[in-house]
Amino acid sequence: MGSVTGAVLKTLLLLSTHNWNRVEAGNSYDCDDPLVSALPQASFSSSSELSSSHGPGFARLNRRDGAGGWSPLVSNKYQWLQIDLGERMEVTAVATQGGYGSSNWVTSYLLMFSDSGWNWKQYRQEDSIWGFSGNANADSVVYYRLQPSIKARFLRFLPLEWNPKGRIGMRIEVFGCAYRSEVVDLDGKSSLLYRFDQKSLSPIKDIISLKFKTMQSDGILLHREGPNGDHITLQLRRGRLFLLINSGEAKLPTTSTLVNLTLGSLLDDQHWHSVLIQRLGKQVNFTVDEHRHHFHAQGEFNFVNLDYEGNVSFSCSQPQSMPVTFLSSRSYLALPDFSGEEEVSATFQFRTWNKAGLLLFSELQLVSGSILLFLSDGKLKLNLYQPGKLPSDITAGVGLNDGQWHSVSLSAKKNHLSVAVDGQLASAAPPLGPEQIYSDGTYYFGGCPDKSFGSKCKSPLGGFQGCMRLISIGGRVVDLISVQQGSLGNFSDLQIDSCGISDTTWTIIQHNGSDLTRVRNTNPENPYAGFFEYVASMEQLQATINRAEHCEQEFTYYCKKSRLVNKQDGTPLSWWVGRTNETQTYWGGSSPDLQKCTCGLEGNCIDSQYYCNCDADRNEWTNDTGLLSYKEHLPVTKIVITDTGRLHSEAAYKLGPLLCRGDRSFWNSASFDTEASYLHFPTFHGELSADVSFFFKTTASSGVFLENLGITDFIRIELRSPTVVTFSFDVGNGPFEISVQSPTHFNDNQWHHVRIERNMKEASLQVDQLTRKTQPAPADGHVLLQLNSQLFVGGTATRQRGFLGCIRSLQLNGMTLDLEERAQVTPEVQPGCRGHCSSYGKLCRNGGKCRERPIGFFCDCTFSAYTGPFCSNEISAYFGSGSSVIYNFQENYLLSKNSSSHAASFHGDMKLSREMIKFSFRTTRTPSLLLFVSSFYKEYLSVIIAKNGSLQIRYKLNRYQEPDVVNFDVKNMADGQLHHVVIHREEGVVFIEIDNNTRRQVHLSSGTEFSAVKSLVLGRILEHSDVDQETALAGAQGFTGCLSAVQLSHVAPLKAALHPSHPDPVTVTGHVTESSCVAQPGTDATSRERTHLFADHSGTIDDKEPLANAIKSDSAVIGGLIAVVIFILLCITAIAVRIYQQKRLYKRSEAKRSENVDSAEAVLKSELNIQKAVSENQKEYFF
């Protein structure tokens, strides 16, 4: 066992069984006990609390202690509620309530878990569904069963959204049971040895099951040898798990006896990962964290008293490492330089999949300039910028966007600048000069704040997205907990104490042709043929490819006077062969019908006459490289080259491994429309072992999922009643039944998981996370299950008691049945399954629409001002002085009817009788124009901040009347804080809401319809408009500050300007840049974004005239006093005129001010009458 000396550094949990013993990761008893109600007060903690009566200890479900629940001091997306369960538990469900008798409740949240209270991991369901829908009121309980369950000691609830008319409020309960497991801690030089009894019979079914966690990216987890030379090795390489199997049938390993498979990534995150290797005969399943690879092994296995050597301890150490995740390109972490040294010094580690992004920025004092440390094309670049000098660059590392942790050390001291990557010192920059260099006091990690904060930070390639840890400045480690609590530094859009990046899991299958191979002296009569032998058999390869959603191989073909095609007659001179044994003449990046190379598709071949670079036939090296991704032709098994026989003619090629990702079987499903409908498959052969699993959802009260009959034997799985699932079978000993009863209904149109197992010793049934039920087999009874009929899915042979609903991911002994393929040729059964949105539709936020897919769903953000997988990422922008965004609904409304853009739905001859407007803003300038909508008939809507800081909404729906003015003068709206505006008009009634609390309903006198809408303007009005004086003044000044999530009905102008998906009629003038000035909706105005400023930037700022000449002459003072007196008199006159106007404009509306607010809120819920077809370009697929 000397090969085991590379054991993984950290903890392994190893459970192995044979001869039909079942692997249990936990307990087999009922695991649904309440875990929180009996915990002491000290077990509860939180990010903050509103008051002592709102503390986390009052967050128990259904309790009314204190103020009736936990509420944080401020409501924003950085708050959390934490529970310490005292020991590692298995958590199977969670439940939430709002604050008792209040308007405080959470409508969506994240769930995090940890073993140590550090390094949190986000809970994910079905590998993508990660958000939980919360409560709709304060006292109802929303209960979620966790599939899979969580094994952890600490849980943390992170509110995402909450009642917009209240604040965050939570009461919670957690359900589960104690979790016990044996652990062993290994130090990289130690090993644990288990010797099997060689006299025992070879088992029919073998299982290896373990869980591990580590911070090291490489090491051997397990190595097992049999008596005939067969062995299995489970090895971690660069955070990926490799399974190497040699069946031992040959003296030397060959491609038919050696299997090398890869699953998982980023497995060195110090979180538990589960590994399961199952063998039934020659069928082997390899599973890592729910990702499964199935293959057919060659030959038989004889798998190999407990002993250990080295430094082994049977307890689990908990190293503390606190990472931070930069969630978006707008994330940043600003930290002060508390070292006090005459140098710039910083060290940190990072991991990312992105090729570019800012890592660190710092301004320099004395030596005017700045230091930028950033990723570019996967390389680290250090840029020293000094005015009047050429920038100095240092480049270090390569391929640093590989998802691995990389260490960086930056030092600038006594005019010397250097940087080291992964311990390797890069070449030093030229001397800086004689001056000492100092940081300006602030280090920006990962990105820059928007310009409104006064920062000089620059990020030429955008922000960093990934994780950092072990950040230190001047040799002092940064306390990220202090950052999180607000006592140190400043940040935006971070997730502290968690590394949340993830990667698509690929199955990688290697071959013998990965090295570059050069070819000379060939011609059509003497061709070169290169063959590729894979580490898996063709049967295994075909099964892997068929199961995957996507497969690809990178093919690199270098050429010098070597053509792919004869340009005279089009005869191929080089070609390749795939698993169908057909000749293929298309190359990387192309599809079979195009017969081109990548450059031909992109239109950038070195000779535009040809579709491939090699066909230019030049006497210099060039290449045609790209991905082959047509699954039916993969993998590549052979390449033939015939054109390297001329003088100076040569070719070279390199083929990458076969890469496959996704699991088609997970969403492979069928819908059964009638009780008489069913799918039939060949007889199920489960004589000695039956392992069946599937998902179902239904609204019917009963129905048979699966049935297979013999002469007397049978097997049947059915929904017996709304709360009972039954597994019945007969192997010659008489019928047996096992039932699982649920406290809640199974016919709730939600997905439920069923797993049955039957072997010679026992039979079992488990549904969801409910208690597993077992039935021992008779000691002296029959053991063979003998079936001979077809397998019926969704029905029975009698065509009675059939199942109504959906079944997906049906697996029998590890093999997935293709329900969709069979459903396509079966009456009354539909391939795929609709209704995913009924289960997951609530995850689509901010007007995003849940759209069905046969293999899942996606959130369509086309008509939302937000983006992201769940339409939850707001789009905001910083507007510089004089800038504007103009969305033209129609240049000439007579031509607009032929347009297909969103704007075309506002036809020139259309009367717009209603609109919904939403946006958020932050500014310190007055007057300001926030939003202006114009028409061709001199009608308009303007939203402005007047000189006195009041917010005014001005509707002019009749060109011959004065505008209706709604004035909000409760406070100064140009206070540098974030404010939210909702305007909803239904004909002559306008409902307005400011900052989620100030509401007003107004009846317009100027009209009820908006005719021929022309354009929407954000910022400065550039063209002359016939508007009132206040609007004209604000329009001339424009807007300086942040605007976010701007939406007019279905039009989102900021989204069209900053994230164009199709040609939108939008024009951007001046300095408009994407910014992080706002955060999640529903937050208090004063705390919307978790941003702590080093300086106070509130108040009106005039950047054109700096403060000077503080001491004025006496005459200037006297003149100033006279001006003030005149100004006061003018103000009194203006106020009198304004009061008279207000009385006239609102005379009709005063009688209706006392109407029930519910009627106005009902208007908000009405459906807009302006709809448009879905744009395919905006769809975001994440399943």
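Cβ atoms here come from the backbone N, Cα and C positions, even for glycine.
Automated prediction, rather than curation, is the source of TrEMBL annotations.
Counting every protein chain shown, the Cβ of Cys833 (disulfide bond) has 28 other Cβ atoms within 10 Å. Annotation source TrEMBL lists disulfide bond at Cys806-Cys833.
The domain 'F5/8 type C' feature in TrEMBL is assigned to 31-177.
If you look up TrEMBL, you'll see 322-499 (among others) marked as domain 'Laminin G'.
Summarised as a single figure, the pLDDT of the domain 'Laminin G' (668-833) averages 90. Residues annotated as domain 'Laminin G' in TrEMBL: 668-833 (among others).
Among the features that TrEMBL reports, domain 'EGF-like' is placed at 834-872.
Annotated domain 'Laminin G' per TrEMBL: 884-1077 (among others), in sequence order.
Taken from TrEMBL, the feature signal peptide covers 1-25.
Residues annotated as transmembrane segment in TrEMBL: 1116-1140.
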Using Cβ distances below 8 Å and needing 3 or more such pairs, separated by at least 6 in sequence, tell me whether the domain 'Laminin G' (668-833) contacts the domain 'Laminin G' (884-1077).
no
Can you tell me how many other Cβ atoms are located within 10 Å of the Cβ belonging to Cys806 (disulfide bond)?
23
What DSSP reports for the domain 'F5/8 type C' (31-177) is 9 helix, 69 strand, 69 coil
